[in-house]
Amino acid sequence: MGKFTSYNAAIASNPYLVGSFACIGGGLFGLDISSMSGVLNNPSYLRTFNHPGPGAQGGIVAAMPAGSLLGSLAVTQLADRIGRKKTIILSGLFWVIGSILQCASVNRGMLVVGRIISGLSVGLASSVVPIYQSEITAPAIRGRMVSLQQWSITWGILIQYFIQFGCSYINGVASFRIPWGLQMIPAIILSLGMTVFPESPRWLFDHGYEDEALQVLADLHGGGNIKNELVVLEYEEIKQQVYLERTEGAKSYLDLLNGSNPRRVMLGMSLQMWSQLCGMNIMMYYIVYVFEGAGLTGIRTNLIADSVQYVLNVAMTVPAIIYIDKWGRRPMLLIGTLLMGFWMFLVGGIQGRFGHWGTTEGSTSPVWVIDGNQAATKAVIVCSYLFVCSFAVTMGPVSWTYPAEIFSTKVRGKAVSLSTASNWAFNTALAFAVPPGLNSIAWKTYFIFGTFNFAAFLHIFFMFPETVGRSLEEVEEIFQQGHTFTAWKIGKHVGKKTLAEVVEKSKDLHEAGSPVEKSDSHA
């Protein structure tokens, strides 16, 4: 085996193991989300970091997505230069460094630096893991595998939250330092474990390792048999795509401006933008504040109510993983945005009708709160739960799957990292904006996010074509159809090919004497 193809063939032969292990990278994202939400009302945390106000707390929370924005942009170079596998390993190493700094932090500055470094790790992982998964899984299960990224995020949130809940019974700084220290364990497992997994066959082929790419495909999808029909089909499609891209010259950022790429980049970036503007951020980062405003009093009561939400987030992602390749991407996104918009308006309406400016346990400034109305309090909590369920079964998984499958090999690394950078840019902005928003316009904040959901519905309806069931190379034909503003007109079978059709096209390329074959000499 070459230097890029050192892996365990037995492990590679299990598509679910290969597709899911890298998801530990998504778990790191989840760990960091709830590493903050569980300590927002922890007295030891507040004392150690000098009782941060809404602006300061927003800055501490936003440090992680700000680092992630930088990490996701770095993937534009790293994923193409050193490979998908090594970039994932690198992300785990960054996470360990960030976790050590957070665990040892004695002031806000040290905590922010630790969160920025952890953010770099999450940015790398959140960009490159969907690329890796989409490039090593068969079309029939690709949606399921990439959507595992979202499930692992929900598990990370849940596990970290319960660790923090258990540690909340400890008096002193150990109550938040122990959870921040323990979160480096999955990153160590990720970096060490990835050494026995294969590199992406598409990346190998693109860098001149054609024989190794074929063997990896055979191990992944054909039980080691390089003559397996699916293996031959995928290999021929990759070969045609890479040869075509080589004739177009060296890779550069300008490729993102060619052909249908601007449209695709816009779709990938805007979907990740909508996944943040839908309001899920409020429900993950700042759920403590939401439930305090709903009238839940007492630290432990609030923590228990929050934990139900995180359990629902994990549980309701499962149907999406199972059925994403049957339901299709468009229906899930359209139904999800409508439901999330409805629940957001309902939460805002109940808060506006029954709430008032007041104080809660431990608050240092007036907050919008519902007092003495159990029915309204329960209604807000239930609507919040239903919102999370709606996100978990629709937008959550698809927002990672769709951008990973709509780009060609030539630009996939750069384009997916830009899409994920869009996620982190809006994630950072919202982490800053939500605490002051809840502190100033209170219940109207929910109306803003509800409106974003309905805007997303219209955008998706008119401009997002269906991609379910197509190989990454067949997706090319979807965008050759046009229909930029009438996406619903592109049928579900556009681009589907038989092995005979692919082989025939490959023969035509060879007979035409494609000059790109000269580039094989460096393999």
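Backbone N, Cα and C atoms are what each Cβ position is placed from, and that goes for glycine too.
The transmembrane segment annotation in TrEMBL covers 16-36 (among others). Within the same chain, residues 60-61, 64, 68, 88, 91-92, 95, 102, 115, 118-119, 121-122, 124-126, 128-129, 132-133, 136-137, 141, 144-145, 148-161, 164, 179-180, 183, 186-187, 189-190, 193-194, 197-198, 220, 284-285, 310, 400 sit at least 6 positions outside the transmembrane segment (16-36) and bring their C-beta atoms closer than 8 Å to a C-beta of that stretch.
Predicted-model confidence for the domain 'Major facilitator superfamily (MFS) profile' (18-468) is 88, expressed as mean pLDDT. Summarising the annotation, TrEMBL assigns domain 'Major facilitator superfamily (MFS) profile' to 18-468.
What TrEMBL records for 56-76 (among others) is transmembrane segment.
Using a Cβ-Cβ cut-off under 8 Å and counting only residues 6 or more beyond its ends in the same chain, the transmembrane segment (88-107) has close neighbours at 22, 24-25, 28, 35, 48-49, 67, 71, 78, 82, 113-122, 124-125, 128-129, 132, 177, 180-181, 183-184, 187-188, 190-191, 194-195. Annotation source TrEMBL lists transmembrane segment at 88-107 (among others).
As annotated by TrEMBL, transmembrane segment applies to 153-172 (among others).
Positions annotated as transmembrane segment by TrEMBL: 178-197 (among others).
According to TrEMBL, the feature transmembrane segment maps to 273-291 (among others). Among residues of the same chain six or more beyond the transmembrane segment (273-291), those with a C-beta under 8 A of the stretch's C-beta atoms are 33-34, 36-37, 40-41, 61, 157, 302-303, 305-306, 309, 337, 340, 344, 367, 380-381, 384, 387-388, 391, 395-396, 399, 422-423, 426-427, 430-431, 434-435, 438, 445-446, 449-450, 452-453, 456, 459-460.
Here TrEMBL flags 303-324 (among others) as transmembrane segment.
Per TrEMBL, transmembrane segment is recorded for 331-350 (among others).
The annotation transmembrane segment is assigned in TrEMBL to 379-403 (among others).
Among the features that TrEMBL reports, transmembrane segment is placed at 446-464 (among others).
Most Cβ pairs under 8 A with the transmembrane segment (331-350) among the ranges 153-172, 178-197, 303-324, 379-403 are made by 379-403. Take the transmembrane segment (153-172) and the stretches 56-76, 178-197, 303-324, 379-403: counting Cβ pairs under 8 Å, 303-324 has the most. Packing against the transmembrane segment (379-403) from elsewhere in the chain are residues 26, 130, 134, 142-143, 146-147, 149-151, 153-154, 267-269, 271-272, 274-275, 278-280, 283, 287, 290-291, 293-296, 305, 308-309, 312-317, 319-321, 324, 329, 332-333, 335-337, 339-340, 343-344, 346-347, 350-351, 370, 415-416, 419-420, 423, 464, 467: each is 6 or more residues past its ends and has a CB under 8 Å from a CB in it.
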